[in-house]
């Protein structure tokens, strides 16, 4: 062990602990039980068993443990963006895809192809760039993994500029912000703009944040450590105060987080844009009539010149296998196609087939890329599907690798199209497009949406 450091050898890391023990002791507090002269017993913390605590100091520790439940912020509203609770839940013991009979699998694929018939395929390419990242993209110090992230960020900014979303007097909300790299580049692109705010939404504590790099006095950065499911933007103090139009952004917003973010912007925030003192009400089950009434009210709201709370949405989609029927915003679209929660469950599982065939090739890249952007910047997101479902040829011998890949892409497209229909029904012009090459990221689809009225031709 290094002199002055803990003498405990950590088997998992193949090195000695780097903590500094108290004067006169060989081990740090975490590994103090190794000292024979120390009779005090350490036990796993009941709040987080990843660390231990002296048994006789447990009560004291529970009051200051970082894993303790903390007071909820003012913008926390339980399940405000979770979706209706009256949906039919998928049985807990759903049969794995690899265990489906040949007939059932063929039936699922038939339903998938029928529902996908007529959808735009392949998607339009909008691979753009932005001057703000020109210097970084040409910096030889950046390795291949950093270059891939920069190309994606540049294209996202290029698409935002094309939609006229990069301008003064805006509040940019980065969902699943992680280190906040996307907001950082938006800030660089708007270096001459005034009255700019950034809200970085991330439920986890994040290391190596880039927030400290923002030196402009006229742009404001604030982090909201909250799950998107419980985020009420209407109660965020900085939005209450200035009431700027918001632009929702995200780079690889994982699975159900995309649906939560869309509902957060389009429903819970937009619905209260005129009611300063209104309290958010719990979600109510919607019938066809209430759905129609909601859409009509949304249309009437969109016609008001003084109420355009959401200027645009630009989200790079990711990890469809982590979507959830309860939170999914495209349930009405699925139902209109004769599909339900069971089909959705299998489609979201099969969506991994679009990318997992290249798992081995991307694993090494994702390992190095996580050192550059350790949070949500991943194609990179580790897939939680079994090797049996994803990587083998044991599906009754009926599907080749290429066939599974094609089915996976159709599943992703169908799930994403439900999101597009959801936005269109609420007064937005929404589009899916490829924003980067598949060699840069296998998750290369960008969802963009702007209020429809802003794109209508001016009267002559």
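We number each residue from 1, going along the chain as drawn.
The backbone N, Cα and C atoms fix where each Cβ goes, glycine too.
Between the listed ranges 361-395, 396-430, TrEMBL ties the annotation region 'Disordered' to 361-395. Listed ranges 276-305, 306-335; the one TrEMBL annotates as region 'Disordered' is 276-305.
It is 27-47, from the ranges 6-26, 27-47, that TrEMBL records as region 'Disordered'. In the predicted model, residues of the domain 'CHHC U11-48K-type' (42-69) average a pLDDT of 90.
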